[in-house]
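Structure first, commentary second.
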Amino acid sequence: MLADGTVLRGESFGARGTAIGEVVFNTGMTGYQEVMTDPSYSGQLVTFTYPELGNTGINAADQEADRPHVRGVIARQLSPCTSSWRSEGDLDGWLLRHGVVGIRAIDTRALVRHLRDGGAINGAICSDGTSASALLDQVRSAPSMQGLNLAASVTTPNPYHWDQPCGVVFDARMQSQPDCPYRVVAIDFGIKRAILERLAAHGCEVTVLPADASLEQVLSYKPEGVFLSNGPGDPAAVSSAIELAKSLIALPDLPLFGICLGHQILGLALGGTTFKLGYGHRGLNHPCGSSGQVEITSQNHGFALVPESLPADRVRVTHHNLNDHTVAALELLEAPVFGVQYHPEASPGPHDADHHFARFAALMASRR
Ligand SMILES: NC(=O)CC[C@H](N)C(=O)O
């Protein structure tokens, strides 16, 4: 049920119950497990446009966090294959174990057209017999994504260390090992594991700190570079991080790199503002670029920076999303600071944008 009263009927899978959240859609043709475990999807009911989910089961290597973070899953159909080679079992049983409510046999194409025309909207998946009128009341009283700080609910409670690249080596340009690893502090607003793996593949030894880390805490690790992670919710609501970013930008010559929510926080710290996109960018084939250079990118965001709000004398927009010309990446002219709205770590998605990690490593290398 959507907040506008639209009702679609299907069959339950995963856990039974009621899940209320923002209904969005992802157009990727691979990577359902990575999407479901990406903390940036917290609070969302994700409609998968790919018509069949579950054919590769659940695998340890595909986890972006140690549990699913989507609030609910909306599918056309589940794969009938349930063979036993899968390391952690099948999608249905995994969602059940983690209490995530799913619905299948939904006309996902009709639902996506509805969301595309009307915008992302709150909704519910319900398989516990709640009456339609009670459900609609619950959906209509659920908070809007705008103004929600969800980073606090998914960040790590304690600092931890990460220095493991993933087992797969794609291409020599996609890794580098300096004699001594770069000391990086990453602020965790809901960090994906693949980001930590890509930082490690480019020679970083990462200390991950909670979302509310102070400037003193960050500097106590003597970082050569600071990374601001992806994360769920409204970037403008993560005020402590915006203040932290302002202080980091003001330090002389410290490389700073932000991805998705981290990129939005950099823009906000530079005096910019964000707005909510109609239905967001969630998929694996978004063309981004400038000056004739295009990369195909993995995306998952519902907010974006207002281009005119960025101080033109300090900030250069280096990439635009070529579908709608929104801001896709920026750099600060006076300091080694840059952010990308899309996901260079992919997972899932194409690896075209991995060079952003190499750029961060190069900024640190040149300051040694
Ligand atoms: N993947 C992300 O970091 C998402 C950022 C933010 N929550 C948005 O939806 O725009």
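Every residue gets a Cβ built from N, Cα and C, even glycine.
Whatever TrEMBL says is automated annotation, not expert-curated.
Now, the feature entries from TrEMBL:
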ACT_SITE  Cys260  active site, nucleophile
ACT_SITE  His343  active site
ACT_SITE  Glu345  active site
BINDING   Ser40, Gly231, Gly233, Leu261, Gln264, Asn300, Gly302, Phe303  L-glutamine binding site
DOMAIN    1-126  domain 'Carbamoyl-phosphate synthase small subunit N-terminal'
REGION    1-182  region 'CPSase'
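Overlay of TrEMBL annotations on the structure.
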residue	record	contacts (Cβ under 8 Å, 6+ apart)
Gly231	L-glutamine binding site	Pro39, Ser40, Leu150, Ala151, Val154, Thr155, Asp188, Phe189, Gly190, Ile191, Ala211, Val238, Cys260, Leu261, Gly262
Gly233	L-glutamine binding site	Ser42, Gly43, Met145, Leu148, Asn149, Leu150, Ala151, Leu261
Gln264	L-glutamine binding site	Pro235, Gly258, Thr274, His301, Phe303, Ala304, Leu305, Gly339, Gln341
Asn300	L-glutamine binding site	Asn26, Val35, Asp38, Ser40, Tyr41, Asn230, Cys260, Gly280, His281, Arg282, His343
Gly302	L-glutamine binding site	Glu22, Val24, Ala120, Met145, Lys276, Leu277, Gly280
Glu345	active site	Lys192, Ala194, Ile195, Glu197, Arg198, Ile259, Ser298, Asp354, Phe357
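Those same-chain residues not listed among Ser40, Gly231, Gly233, Leu261, Gln264, Asn300, Gly302, Phe303 yet with C-beta within 8 angstroms of the centroid of the L-glutamine site C-beta atoms are Asn230, Pro232, Asp234, Pro235, Cys260, His301. Selection of the recorded positions Gly233, Leu261, Phe303, His343, Glu345 by a Cβ distance under 6 Å from ligand 1 yields, in sequence order, Gly233, Leu261, Phe303. Summarising the environment of Leu261 (L-glutamine binding site), the number of other Cβ atoms within 10 Å of its Cβ, over all protein chains shown, is 32. Look at His343 (active site): DSSP puts it in coil. Our reading of the L-glutamine binding annotation (Ser40, Gly231, Gly233, Leu261, Gln264, Asn300, Gly302, Phe303) yields a largest Cα to Cα distance of 13 angstrom. With DSSP states grouped into helix (H, G, I), strand (E, B) and coil, the domain 'Carbamoyl-phosphate synthase small subunit N-terminal' (1-126) comes out at 30 helix, 39 strand, 57 coil. Averaged over the region 'CPSase' (1-182), the predicted model reaches a pLDDT of 93.
Using a 10 Å Cβ-Cβ cutoff, Cys260 (active site, nucleophile) registers 28 neighbours.
Following the DSSP three-state reduction, the secondary structure of the residue listed as 'active site, nucleophile' is coil. In the structure shown, the C-beta of Ser40 has more C-beta neighbours within 10 angstroms than that of any other entry among the recorded positions Ser40, Phe303, His343.
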